[in-house]
Amino acid sequence: MSPKTLYDKIWDAHVAHEAEDGTCLLYIDRHLVHEVTSPQAFEGLRMTGRTVRAPEKTIAVPDHNVPTTPGRDDPKNMTEDSAIQVAALDSNAKEFGIHYYPVSDVRQGIVHIVGPEQGWTLPGMTVVCGDSHTATHGAFGALAHGIGTSEVEHVLATQTLIQKKSKNLKVEITGKLRPGVTAKDITLTVIGKTGTAGGTGYVIEYCGEAIRDLSMEGRMTVCNMAIEGGARAGIIAPDEKTFEYCKGRPNAPTGADWDAAVAWWKTLYSDDDAHWDMVVTIAAEDIAPVVTWGTSPEDVLPITADVPAAADFQGGKVDAAQRSLDYMGLTSGTPLTDVEIDTVFIGSCTNGRIEDLRAAAEILKGKKIKDGMRAMVVPGSGLVRAQAEEEGLADIFKEAGFEWRLAGCSMCLAMNPDQLAPGERCAATSNRNFEGRQGRGGRTHLMSPAMAAAAAVTGKLTDVRDFS
Amino acid sequence: MDKFETLTGIAAPLPLINIDTDMIIPKQFLKTIKRSGLGVNLFDEMRYDDGGAEIPTFVLNQDAYRNAEILVAGDNFGCGSSREHAPWALKDFGVKSVISTSFADIFFNNCFKNGILPIVLPQEAVDVLMKDAEKGSNARMIIDLEAQTVTSSDGEAFSFEVDAFKKHCLMNGLDDIGLTMEKAASIDTFEAELSKSRPWV
Ligand code: SF4
């Protein structure tokens, strides 16, 4: 048998039909659904008299447009459009008989945090969701990617997707990370190097010692942003850490099924002489704590650098960089550590897990946020929130002056009332710094949870290595 | 879905790279549970000021381009979120084709599901078409999907590639789901096999 990559293996195990031109029907093992990209798909099913083919493989949770403030079990405490979307998901879940975690359920949270937490996401699976950050689930050695609403409808109706195979891109992070450097710094550094379109047409496999050393949480952070590099998916080969994380989860297999599953999962790695269409290698020791300065996730620099000038770039990027600098209100040559911020957002499917909250709380222990700073922590799920409360992290955040919110996407995309006002500048642990992403005219700097926590205290972008 | 065969239309130039889906349709318009009515909010934050008045310098606010059916744009058009509201907004505005050197993957797929043809051309060709688009409403481009060509108002033609299956669906206005359902037997067989080989799924 010819050598295969991990992606090749999972792909081959899911082809339900292949046409002569290579167009395949890829079988979908898990379909995750949320309130913003699904109403039109369910409506489409109703209009054509179709049903959900595999409701037992379909899991729904409201997250994008829910308030993260207390009292949200009562729709009266939601904005009108939130209430409409959440009510639509409630009734669609009931009508079509799919698994559902309503806002009142402690297991509710960001769909990409809930899937792994509940054991829906397992190695070797195909996982899709009408959300681009579905790539997160690749951390388990699952082939996971975002789809549009028409494709959501297609998966609901047929449990398959029409797909052509992508190319294989290997991103290897060799050696060990230096102190203060996190999974977020890895993933941002990769995008800084390859660009936001660098991964277009590829599925990325992240590998190398620094990736192996990451916890499952860290691996999810890395895969989460594969889409920001343009890739269809990011994936990491499963290992003992992965199995350990999955074991005992509510929907993970048990008994003989578990043993059979693990036996198969252990075959899921790229063969030594597998073919790669592109390879990117980065030494872990060259990765510094980074922040973004512009309005594209590729606008990444080490925190020790200065704000760049448009002239530092080439081609279409010159104009784009100038536009970014204007939008961000930054002057070339300013040290990044002199940039003052007024808002801090810790949360999102990139960095809203327990380990992220621990890292931020570690920085904040016994400290207070700067006067006038607006800072919030939005845990990724109700269970993360409960665990953080049990570990005493919530108290650290609250004593430092952070708001302690309920789970949801919140200020990551600012559909709910958690938004930046024009000109406000935010240190965010989320994944997109686009113009207006966190509110019209709002300015976003992406970074790790520890860096965001440090910035909350100093009021400026801060090198976490210098922070004490 | 509407059929796409040929299109003769006004092309609007958008010479920016990395036009993301938040620019195409900002999140405050994702609150709808319908597919229609998003055209007025296409490019909302670039098109209107804080008070909701049109920003005259934005291309689609200029008389020559109000009826544009084609966009010519910089690299990596449609990057960012999976929101199909982006092609819905384009379609609702009247855009039927977007020309660029590259598109983000999910957006690219979403276009085809909505009768919009995204066309990838080399930089030199996009440069020529960008210039052509700058000429305004008298300069009509012709897109011929059958022949896979875009012709500038000066008659300069460029060939483009398109996936044969996607082309077939677009030209015949076919519904993907209906086509897949014709293959239900393959899916049944796959599922039966799956329940034996990986019962935990
Ligand atoms: S947290 Fe942000 S990126 Fe993640 S699913 Fe929610 S909106 Fe999308």
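Using N, Cα and C of the backbone, Cβ positions are placed for all residues, glycine too.
Per TrEMBL, [4Fe-4S] cluster is bound by A:Cys409, A:Cys412; the candidate from A:Cys349, A:Cys426 named for the same site is A:Cys349. Cβ atoms within 8 Å of the centroid of the Cβ atoms of A:Cys349, A:Cys409, A:Cys412 (the [4Fe-4S] cluster site) belong to the same-chain residues A:Asp63, A:His64, A:Ile110, A:His112, A:His133, A:Gly347, A:Ser348, A:Thr350, A:Gly352, A:Gly380, A:Gly408, A:Ser410, A:Leu413, A:Ser430, A:Asn431, site residues excluded. Each of the binding-site residues A:Cys349, A:Cys409, A:Cys412 was assessed for Cβ neighbours inside 10 Å, and the highest tally belongs to A:Cys409.
According to DSSP, A:Cys409 ([4Fe-4S] cluster binding site) is assigned to coil rather than to any helix or strand. Mapped onto three states, the DSSP output places A:Cys349 ([4Fe-4S] cluster binding site) in helix.
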